[in-house]
Amino acid sequence: MKRVLTALAAALPFAAHAADAISGAVERQPTNWQAIIMFLIFVVFTLGITYWASKRVRSRSDYYTAGGNITGFQNGLAIAGDYMSAASFLGISALVFTSGYDGLIYSLGFLVGWPIILFLIAERLRNLGRYTFADVASYRLKQGPIRILSACGSLVVVALYLIAQMVGAGKLIELLFGLNYHIAVVLVGVLMMMYVLFGGMLATTWVQIIKAVLLLFGASFMAFMVMKHVGFSFNNLFTEAMAVHPKGTAIMSPGGLVQDPISALSLGLGLMFGTAGLPHILMRFFTVSDAREARKSVFYATGFMGYFYILTFIIGFGAIMLVGANPAYKDAAGALIGGNNMAAVHLANAVGGNLFLGFISAVAFATILAVVAGLTLAGASAVSHDLYANVFRKGATEREELKVSKITVLVLGVIAIILGVLFENQNIAFMVGLAFAIAASCNFPIILLSMYWSKLTTRGAMLGGWLGLLTAVVLMILGPTIWVQILGHEKAIFPYEYPALFSISVAFLGIWFFSATDNSAEGNREREQFRAQFIRSQTGFGVEQGRAH
């Protein structure tokens with residue numbers, strides 16, 4: 001377990017979705033016309049889907065959840081498409097390329113949050129909620145305070161993710177396509193807004209499904225060609241890789257990346273519980289018809305992602321053989337052109353030529369679009385459904401709520417483009433780590449305890465949730481990444497890079513303490529309502545109509 005956690009800790013920079021796929025300065029490449037043509041085909045096709053979806057979006061349910069008509073298999077593919085990022089593909093294969101076996105430990109460790117979602121969250125979440133996870137958290141608690149907290153937690157996570165995605169998208173596209181950074185950021189922002197604005201969840205779902213299929217096909221082809229090169233023998237694969245890698249046989253030894261078990265444990269908890277608190281992932285469970293389909297969604301998604309991460313392991317070792325030992329992919333200093341994160345892209349060229357390189361480059365761009373579309377819809381629903389329709393203007397009509405949601409999409413898109421430009425040369429690696437920490441420290445404890453702990457009260461959820469959120473933010477600021485590397489101080493006040501271990505503990509302890517000491521009449525009433533909520537969560541009685549929060 002210690003080896004797993006230490007590998008996880010070292011690998012977080014590779015997990016920063018598209019943001020960390022390319023970090024620091026990049027060398028702009030010649031214009032890749034094959035990639036641009038393939039990407040244009042993808043854009044035209046998905047815009048056609050958006051037009052088709054726009055004709056079917058007639059209600060709030062259609063816009064937020066595609067009318068609940070997505071099947072478990074389709075939703076599983078869409079979840080995989082939402083979760084498998086550009087850096088999952090480029091970053092993990094790069095980790096295998098540089099560190100060998102530790103990359104496999106990390107890629108499998110990336111899945112540890114999904115059993116929690118499958119066994120503890122998916123079924124009850126679908127039975128209790130309608131559009132956002134705040135529907136579940138506020139089921140028996142006070143609507144206003146809980147929805148404000150849930151919306152704030154969602155928006156902070158979405159904002160951090162969006163900034164990271166936009167910066168990563170600009171740098172990645174500049175490297176792969178030869179396009180100007182600013183043009184790339186604007187292009188991603190405009191396409192993102194079009195998908196969500198006109199097609200809602202239905203268009204977003206199909207963009208994610210198409211992206212997942214393309215990514216799985218591309219990775220499968222690369223892995224197949226690598227295995228064909230070694231006669232479909234893993235022994236030959238590892239032997240040839242060890243023969244050409246600078247570390248030799250050491251690449252087959254796990255646990256050599258970091259020596260700090262506290263940071264490793266903190267990161268492991270952040271990734272595990274943070275996955276179960278990501279608003280754009282949780283929102284996908286409301287797109288299916290019932291709890292059975294929700295469980296099937298997680299089952300299929302976990303299968304697709306597990307298969308994908310195994311492929312990245314083969315791709316990483318293939319890159320060691322076919323890219324690392326080939327001087328054509330090195331610069332004058334002997335380093336990989338574009339950095340180690342480009343190992344998979346160079347391998348695409350090695351096994352499939354320029355045409356397949358163009359395909360993989362286009363898939364990387366499509367990957368970013370699928371993720372930012374899901375994030376934008378989650379952020380818009382938090383504003384329009386949780387804040388506008390249930391806090392600031394109760395009783396708002398569906399038309400008014402949808403209008404606010406679409407305005408929010410435009411605002412989020414413009415803000416994402418502006419911040420993507422402003423953060424071009426900034427270190428944004430910490431943002432995804434902070435997003436996971438906040439999701440794990442604020443969203444996850446409230447969701448879990450609202451469904452499973454009968455003694456939870458509004459006071460406990462509010463105080464504990466805000467404490468968890470603020471603790472994660474403050475400790476991240478005081479830690480080595482921001483306090484030393486960005487702000488330039490000599491020594492960090494908080495010695496660990498990842499705050500999740502401490503902020504999650506603060507959140508759970510705060511929720512428990514302030515709920516246990518809540519003797520108010522309102523608190524007692526909320527405890528008494530747990531039984532009715534429990535029955536609903538187990539049986540799904542009334543789920544077809546949903547609760548009108």
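One is the number of the first residue shown, and numbering goes on along the chain from there.
Every residue gets a Cβ built from N, Cα and C, even glycine.
Note that the structure is predicted; figures quoted are calculated from it, not measured.
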Annotated range (Swiss-Prot: transmembrane segment) out of 262-282, 325-345:
262-282
Is the transmembrane segment (428-448) in contact with the transmembrane segment (262-282), using at least 3 Cβ pairs under 8 Å (sequence separation of 6 or more) as the test?
yes
Tally Cβ pairs under 8 Å between the transmembrane segment (77-97) and each listed stretch (33-53, 206-226, 464-484, 493-513), then give the stretch with the top tally.
206-226
Counting Cβ pairs under 8 Å to the transmembrane segment (428-448), which of 33-53, 148-168, 183-203, 355-375, 464-484 comes out on top?
148-168
Would you say the transmembrane segment (33-53) and the transmembrane segment (183-203) are touching, if the rule is that at least three C-beta pairs must lie under 8 angstroms and be 6 or more residues apart?
yes
Same-chain residues at least 6 beyond the ends of the transmembrane segment (33-53) whose Cβ lies under 8 Å from its Cβ atoms:
176-177, 179, 191, 194-195, 198-200, 202-203, 206-207, 210, 214, 354-355, 357-359, 361-362, 365-366, 369
